[in-house]
Amino acid sequence: TWHLKKIPQIVRERTFSLDSPKFEAKAKLELNSVCGIECQRKLPVPSLSDLKNLLSYETVFENGTRTLTEVNVLGAALDPAGNTTTRRPLRKKRQIYGTDSRFSIYDKRFMTNFPFNTAVKISTGCSGILVSPKHVLTAAHCLHNGKDYVKGSKRLRVGLMKTKSRGNGRKRKGTSDGMPSFQWTRVKSTHIPKGWFKGVSGDIALDYDYAVLELKRPHKRKYMELGISPTIKMMPGSMIHFSGFDNDRSGQLVYRFCSISDESNDLFYQYCDAEPGSTGSGIYLRLKEPNKKKWKRKIIAVYSGHQWVDINGEQQDYNVAVRITPLKYAQICFWIHGNDENCTQG
């Protein structure tokens, strides 16, 4: 069951204009030498002033202007347990080894219907998920490398799936029906938490690898709601699901599901089969709504991608996702609605 949680409040304090970014960073779909499982276990619990700094955010507008918004955080429960992780037996399987467990979605009845129609393509080479009629959730590193915005993010576009019509509705011999094409929409503004920037954390912090894009024109599709990420124990079979546009299957929507191997307060570690291009996909679960018999899918994490990490002097790899904690729920919800009134219950 989805458990309701009281959500902290993110309150806008001041907004400043900043210099326009250079937009010269190279987009990297794989990150190296970031804080891994062992490192996460040693991280101190952030103080309230740390949180205010980490959850302040930059907004970049389509004309290239940029602002910084400082926030206050009200009602945050600071967890004295720190970044504890739950150890589970790890299956040493990276990106795709052995049997490929991904599914390409070809049937347009699935492709253009919920939940698959919520997956979108980002023009910098990543994926994302629709979270409102005007907003897309994706990974921050698809747009910013920790120091500067990536090339192409100044004229950022989001591709919504549509199935190709093959002229007069007739299918030609030897053609595959239902391959998706994209209806591209310009992005009006982009929000990235300050915790992602290298100047704040000393290095890029995976905990803050998420961003929200506001579209120039609203769409009329069904989108997926946000949920607070439960612990592994509270998930059916500890299984997660996500769909994206993997680079090795050009033009195809790729769906996968797998179990989570390990977790910290802010991250999930898993070995879902995935390739670059699926980075930024929304990871979701299906749980029952409280006091109802209906099941509901909600986004509980953002897929950050395949990571190489230094653990005890050795390079190891895993797939990682950023959990939607109550604080991150409050921030993303605030970006979507522009106030915290609609964000009190997660």
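Just so you know, glycine gets a Cβ as well, placed from its N, Cα and C.
Automatic, uncurated: that is what TrEMBL annotation is.
Listed in TrEMBL:
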- 111-252: domain 'Peptidase S1' (DOMAIN)
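Across the domain 'Peptidase S1' (111-252), the prediction's mean pLDDT works out to 82. Taken through DSSP, the domain 'Peptidase S1' (111-252) splits into 23 helix, 49 strand, 70 coil.
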